[in-house]
Amino acid sequence: MKEKRWLGALAAVMLLLLPTSVSAAVTVDDQGEFFSAEEVEKLETEYNETEFDYYVRTIPSLSGESIGEASETLFEDVKGDGFDAAILIAVEESEIHMNVGPGTAIDRAIAQLSNSDPFGRLLDETFVQAAGDGRFGDGIADLVLKVEELGSVEPDAEDSSAEDLAAVPSAPVAPGNPNSTSPLLLLAFLILAVLAARIVYLLGQVKKVAKRLEALVQRQKGLLSNVLEPYQQSLERSEISKGLTKERFQALHEQLSILLTNAKEQEQTLTAMKESVKKRKYAIAFKQIGSFAIFSGKQGKTTSLGKLEQEASRFEKGSKEQETMLAGLKDELEQLTAKELETSREIKALQEAATQAETKLEQLQQETELAFPAMKQHIDQALLLLNQAVQLDDAFDFAAASELLPNLKPKWQEIASDLATLEALLTSKETMTADIDQTEEEIRHYTARENLKLADEDPYALLDEARERFVTFSESVAEGRVSHAKAEQARISDLAGEAKRRVETLVTYRDQTAIDHRKITDGILPFQNLERAFERELEQLRSSYAEHHWHYLQERFSRMQELISLIEEKLPLIAKLIDPDEQQYKQGRAEMNHLLEMFQFIEQLHADCFTAYEGLEEQRIRLTDSIASLKKRLSGMEEMATRHRLPVQRYSFEQLRQGIEHLQVDVEQKPLDVTLVAGQFAEEQQRMEQLDELLQTLLRDKQRAEREWQELRSAYQQADRRLGIGFGTGAYQNRFRACEGLIIQYINDGQYAEALSEVAIGRRIVEEMREEERRIARERQRRAAQQAARAAAQRNRHNSGGGGGFGGFGGGSRGGGSGFGGGSRGGGSSFGSRGGGSGFGSRGGGRKF
């Protein structure tokens, strides 16, 4: 009875400690986007009941790493999750590599292919061959099917398999033999060893959590010590400050007080947790064992140890947030303290500026005996605001004082600038009247030298206005209105300059008008008496070109003659206006500008009247060349359609050719309507573009149909070779030959859309052949598995001896051997590789594709 209870307890522990089995499948991790979504779904759904587990990963590039090393690393990562094989595909390098565990069932199955390079041969016969056709998903499927087929026909091991050993009845142990060793004791010893290792591991985890809590406690103590200094500083500043400054320091002190309280509470909580973990570490570890369960290698429930780790993480996050908050509050405190010093310095600088301004104003008042009331009022207003800031600063309310500074600084800068400007105005005032008189004297000398009467200009009126404004300027300076005085000074300067400029402009008008008068007098001569020349031009146009090309020229020629007559009338009037006795230079310049515009228009009208024939001739020559080029292009298009046997009606080319020949005749007729022929040419050119677009479309359709047909034929030939000769292959061949005949006929007849439809049908035939090939492979695998099962059953029925398996003792009616670790295959293992693969703990090989 006790033995049964002991067995039950051991079985329960084993169920808790050993992971449950999972069904074998293919898992695809397509990081390199190598497969289509359909291929991934097909691999993971259709092959979810395979004997072995396969992990397939694609990567964009190896980045200089050996694919053998990368595949070995991948296998080491996934074998703990129960995968029997790892397959790595590097997209950029076009390499594939497969790794399995040495001495495993899948390794023994693949080893049947070759003694030297079984993995390379496996990849060559499956994936590489399919990859050559672009069927990468089928390649992985072929590889899996091949391995499954080899696994089902794996040769018998030298020793019995685990299933065989389980089928052989164990030799009974004599109960009275004290020297015999019970398998139950060995199993108990193994379980106890596992439990001991688990306890040591959990104690280590608890110790790790305790260290983490200790570090958090020390971190929290450091935070508390860092909070105390700014806390005390903000309290002291709030007690001695007043007004707005006091409010800000109090608000900062309250935030630091809350932070200090929270930090202290968290430090106490962490300390209590740390002490509890130290006292209860064994209880926590054993409680962890009691709640431990493994399902597919994962922990089922959150245990007390897990909760401790979560709490530690939560407090660690809280400490980080408190440290961040403290850093922000310290920065704010430092800024407030620095602001106090900065405000005091700025107020002191403004006081110095105010003293300098008052001193400067008093100096100007003494030197000029003027009161400058407006400037004095400006300074008094600024002093009032400055005194308010000084009072606030003296009362330890630097925050309120600081808010006044943005308005005070520009005021005192403006005052300093106005005082400097006022001093400059006082200096310039002494010479302004003399400057006006000097300008008047210069004008008098200039008019005398140039013999000007100033008939249409009065520069002296501008100078009189400048003298009147000088009085207003002097009054503004005396009152201290700097901006108004500065504006009056600028206006006085402008009036004096304008008076001088106007006199100089009169001389410019006089000289330039005289030059233009001579230019037009000489330039108008070639445009006179052109009636007979214009008649000859019209006669050429009448005989060569349609009337609408030149009917408007008579009107333009008449307009040109009218303008010439008007210019001939105006020239004497302008000569009189610029005569030294008249000196109406301003009016003369205006009349001359009008004449220059008319003369420019006359030149344009002359060009229109006497270059029309030449321009039409150039258009006719270009049109003739374009028609010839169009005809040559048509011949090239017709030759291309014939060479490629495109389904285009010959009537289209003939109609275009006739239209072009009519154009060639029309362009040589006289009188020629260039506009009409050009329009007809544009229509023919558009029709040719449409025909060319049709030809290019047909050519692309034909090339596409031919290309897809060639791809289909190549795929069919490969599928036919792989399927071989057997029952049903003749039906595929007959169907494909019928499809082939229709495709060729449609391409020759120019029915490219129908040809592509037949290509799609042919692809379905090829896909059916590939599916038939995979079905045959699966059927072959199923039969091999059945044969292996029957062979194993026969061995079990006829086997009268026995051998020990892993960790067991065996025996039979004829006797047998026994031993720990028996039942393994003969042969050695190494750290090397098969088929080009290398690495610690796995075998593998690879290929480029």
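Cβ coordinates come from backbone N, Cα and C, glycine included.
Automated prediction, rather than curation, is the source of TrEMBL annotations.
Per TrEMBL, the listed range annotated as region 'Disordered' is 155-174 (candidates: 135-154, 155-174, 255-274, 755-774). Long-range neighbours of the coiled coil (422-449) within the same chain, counting only residues 6 or more positions beyond its ends whose Cβ lies under 8 Å from a Cβ of the stretch, are 360, 364, 368, 372, 375, 459-460, 463, 466-467, 470, 473-474, 477, 480, 482, 485-486, 489, 492, 496, 499-500, 503-504. Sequence-remote contacts of a segment are chain residues at least 6 beyond its ends whose Cβ falls under 8 Å from one of its Cβ atoms, and for the coiled coil (681-722) they are 133, 623, 626-627, 630, 633-634, 637, 640-641, 644, 646-648, 652-653, 656, 659-660, 663, 729, 732-733, 736, 740, 743-744, 746-747, 750, 752-753, 755-756, 759, 762-763, 765-766, 769-770, 773. On the 0 to 100 pLDDT scale, the domain 'TPM' (28-148) averages 90 in this prediction.
The domain 'TPM' (28-148): residue composition by secondary structure is 58 helix, 21 strand, 42 coil, according to DSSP.
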